[in-house]
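Would you mind keeping the following structure in view while I ask a few things?
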Amino acid sequence: MANMSKQTSNVVWVSLNMMVLFTAILSHEFIMEPLLHAYASRGTGGIQEKDGYLALCIVYAFNAVGCFVAPWLVTRISGKWSMVVGICTLFLYEFAYLFPNRISILSISCIVGIGTTFLWVGQGQYISENVSDNNREKNTSMQWAFFKMSLVFGGLFFLGFFHGASIESLVDNGQVQIFVIFFMILTILASISTCFLPQTNMSQDRAPEPFLRASANFIKQLRQKRILLLSTFFFYTGISRSFWISIYPACIKFTSRLSSNTTTTLALGMVVTGVGQVAGSLAVMASGRRVRKLGEHAFIILALIIHIVLFVMISLSFPNDAPLGHTKGTGPVFDPTVSMTMTMSFLLGFGDAILQTQVYAYIAKYYQKESGSVFSCFRFFAGIASTIMFFVAQFFNLAEHLCILIIGACAAGIAIVLFHQSVNRSYQQKTSVVVVSVMPTARRTAPQNARAIARVEALT
């Protein structure tokens, strides 16, 4: 890191920590519904067939609740130590699966939901403190590329670990605990490394806020027009993530016509989704400055169009009951194939990477000083969206999920365009004020003219 700026080296460090951590967490989340479905079919610990969706529903519900506390905690102990607190709760999440029991898994999901809010808001603030106009696209895209390498590593681990076996056979043989222990070790390593992250100057200078004031600032942000526009985009990122991280993988696992061993296909899909995420992040990093000339919303509109086309193709290729359990059905138009499934996995990851990197870029650009509370807004709306998706996943067929996603993508696109129109109008108004109010005149003294020019710089 000798040739890197301090900001970039900090981003690389925290990104590597997240990569190690989420090799465990995303891998677990990717197979949660099929895994608990297998436990339920064998009567383990009172677990029921749809408990994978229910556990995730609880996690994201409490994730949203935690947003009222996270801004206060982040200003009190810094983004770095908020991440450490969040990682510790994720260790409990892994520990619960050593002794699978319905009550313990669902109970710990409540703690994990609040803890992951601390993790994400803390990480978001730390990233935003380490970006500038010169490196915004590079640093936000780079951290997401490192982060999503976790899917690639997790999928490769599962391909080697399963070695042609199914999730059901691993449950029967008691081998699930082996990869759970491995995931716990990764979580401990990520926690230790995060403790040694450098504190930023901005974090050290930021005064801690009282709890009520921090919560009031969060609620105040929710009432702003631009935040409400962004919230539609945030909401869509929540429902789309819920789909590709759990519902779509369940479709792969439960569609028997895909292959004789859909567990291997599921692990391969995880790798390909991760490759798509990394490719999307690199695409943003490589072309960010060029696309900025067209408008920063161009990235988002492109990703939304990709997603809408994909949702239509998925609806035509998978049986409608695929998210709910094992099925021998086929798609309404196409037979599901491994090559088609992997292409869709890649493009889902590619589109999601563009959307998520733009969340960080937008907050870093427009709300850097209020990054903690605005990241809480992001997690709040994304958490509500995921809660809804995982709750209805216990009952909805594939077509109903895809209808929600397509409507959400259209609404997100409209909201982003309106957000940029609002920003442009505000900039034009400030510019007109500057032209009128700061024109030097002969009647002004030199100090008055200097103060006027300073106001120009502040406004622009």
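Using the three backbone atoms N, Cα and C, a Cβ is placed for every residue, glycine included.
Values in this document were obtained by computation on a predicted structure and should not be read as measured data.
Okay, so TrEMBL annotates it like this:
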- 12-32: transmembrane segment (TRANSMEM)
- 52-74: transmembrane segment (TRANSMEM)
- 81-99: transmembrane segment (TRANSMEM)
- 105-123: transmembrane segment (TRANSMEM)
- 144-164: transmembrane segment (TRANSMEM)
- 176-197: transmembrane segment (TRANSMEM)
- 227-247: transmembrane segment (TRANSMEM)
- 267-286: transmembrane segment (TRANSMEM)
- 298-318: transmembrane segment (TRANSMEM)
- 338-363: transmembrane segment (TRANSMEM)
- 375-396: transmembrane segment (TRANSMEM)
- 402-420: transmembrane segment (TRANSMEM)
Same-chain Cβ contacts of the transmembrane segment (227-247) under 8 Å, 6 or more residues past its ends?
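Beyond its ends, the transmembrane segment (227-247) has Cβ neighbours at 26, 29-30, 32-33, 52-53, 56, 60, 221, 273, 300, 304, 307, 323, 345, 348-349, 351-352, 355-356, 359, 362, 374, 377-378, 380-386, 388-390, 393, 401, 404-405, 408-409, 411-412, 414-416, 418-419, 422.
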Given the transmembrane segment (12-32), which of the listed stretches 52-74, 105-123, 176-197, 267-286, 338-363 has the most Cβ pairs that are under 8 Å apart from it?
176-197
Do at least three C-beta pairs under 8 angstroms join the transmembrane segment (81-99) to the transmembrane segment (402-420), pairs 6 or more apart in sequence?
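Checked: the transmembrane segment (81-99) vs the transmembrane segment (402-420), no contact.
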Please tell me whether the transmembrane segment (52-74) and the transmembrane segment (375-396) touch - that is, whether there are at least 3 C-beta pairs under 8 Å between them, with each pair 6 or more apart in sequence.
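When sequence-distant Cβ pairs are counted, the transmembrane segment (375-396) touches the transmembrane segment (52-74), since at least 3 lie under 8 Å.
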Based on Cβ pairs under 8 Å, which of the stretches 144-164, 176-197, 298-318, 375-396 lies most in contact with the transmembrane segment (402-420)?
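By Cβ pairs under 8 Å, 298-318 leads among 144-164, 176-197, 298-318, 375-396.
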Between 105-123, 144-164, 176-197, 298-318, who has the most Cβ pairs under 8 Å to the transmembrane segment (375-396)?
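Maximum Cβ contact count belongs to 105-123.
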